[in-house]
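Participant: According to Swiss-Prot, the protein has these features:
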{"type": "ACT_SITE", "residues": "HIS94", "note": "active site, proton acceptor"}
{"type": "BINDING", "residues": "ASP95, HIS120, PHE121, HIS122, GLN139, THR208, ALA209", "note": "L-ascorbate binding site"}
{"type": "DISULFID", "residues": "CYS53-CYS212", "note": "disulfide bond"}
{"type": "DOMAIN", "residues": "28-262", "note": "domain 'Alpha-carbonic anhydrase'"}
{"type": "SIGNAL", "residues": "1-21", "note": "signal peptide"}
Amino acid sequence: MSSSTLLHLLLLSSLLFSCLSCLTNVEDEFSYIEGNPNGPENWGNLKPEWETCGKGMEQSPIQLRDNRVIFDQTLGKLRRNYRAVDARLRNSGHDVLVDFKGNAGSLSINRVEYQLKRIHFHSPSEHEMNGERFDLEAQLVHESQDQKRAVVSILFRFGRADPFLSDLEDFIKQFSNSQKNEINAGVVDPNQLQIDDSAYYRYMGSFTAPPCTEGISWTVMRKVATVSPRQVLLLKQAVNENAINNARPLQPTNFRSVFYFEQLKSKLGVI
């Protein structure tokens, strides 16, 4: 039995017998289930302030293909400086997120400093890479002083446990065993995340959930990290029934440029 099949079986049993929060949730404002009245194809019609979800021309996520990128060596490795800081875990009903209380460090893009604010998790992944959708995606949301946003995305496939999520497992379990939607997680270190910035994609897009705000700088890591089936199961158990698979469908690229950086190597080592 594959790990993916096992995950689905465990998830079904957990929803039937132990997901107490699913029994008491009222209908959500939006759903990830295609075909539902409040599903992804209808997000733009649910509220006037969500109109961009249906009419925006630079929406995320998108399909990333190596044969449709513009190579740009001037991008360079990410200039990031993260630090351990107090954080809380929040269950929005649609996803589990890490919300940093203090200064968790920053990322610099085009000489603009973006502070790390929170980390969202989506399963399966929202972005696809060369036709493949992965088991999990972590999205690190950053904001600048003038309210510009930048998201760093890490794609995961099943394998060894992710060290960052390993530190949070006991807290995530509490969401599926109680009515809590916010838990203090103590000091959380974003450096535990498996970020390999030797190769990545860069494009302009949007947030992937309503109100689907555009003008977001996306950086998607080329190297895929690993996460255990158990860790993904815990994230799925925590959310509402209509967000178990909380990945927005792929959006049209609409002739946007997707840039690609890869650190060059020579016989003497990395250039």
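Positions of Cβ are set from backbone N, Cα and C atoms, glycine also.
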Participant: Recorded positions CYS53, HIS122, GLN139, THR208, CYS212: which have a Cα within 10 Å of HIS94 (active site, proton acceptor)?
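Facilitator: Within 10 Å Cα-Cα: HIS122.
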Participant: For CYS212 (disulfide bond), what residues in its own chain, 6 or more apart in sequence, show a Cβ-Cβ distance under 8 Å?
Facilitator: TRP43, GLY44, TRP50, THR52, CYS53, GLY56, GLN59, SER206
Participant: Rank the binding-site residues GLN139, THR208 by the number of other Cβ atoms within 10 Å of each Cβ, and give the residue at the low end.
Facilitator: GLN139
Participant: How many Å separate the two farthest-apart Cα atoms among the L-ascorbate-binding residues ASP95, HIS120, PHE121, HIS122, GLN139, THR208, ALA209?
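Facilitator: Of all Cα pairs among the recorded L-ascorbate binders, the widest measures 12 Å.
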Participant: Could you name the residues, excluding ASP95, HIS120, PHE121, HIS122, GLN139, THR208, ALA209, of the same chain that surround the L-ascorbate site, i.e. Cβ within 8 Å of the Cβ centre of those residues, in sequence order?
Facilitator: HIS94, LEU97, GLU126, GLU137, ASN246
Participant: For the recorded positions listed here (CYS53, ALA209), tell me which residue's CB has the most neighbouring CB atoms inside 10 Å.
Facilitator: CYS53
Participant: A 10 Å Cβ contact count, applied to the recorded positions HIS94, HIS120, HIS122: which residue has the minimum?
Facilitator: HIS94
Participant: Does DSSP put HIS120 (L-ascorbate binding site) in a helix, in a strand, or in coil?
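Facilitator: Looking at the DSSP assignment, HIS120 (L-ascorbate binding site) belongs to a strand.
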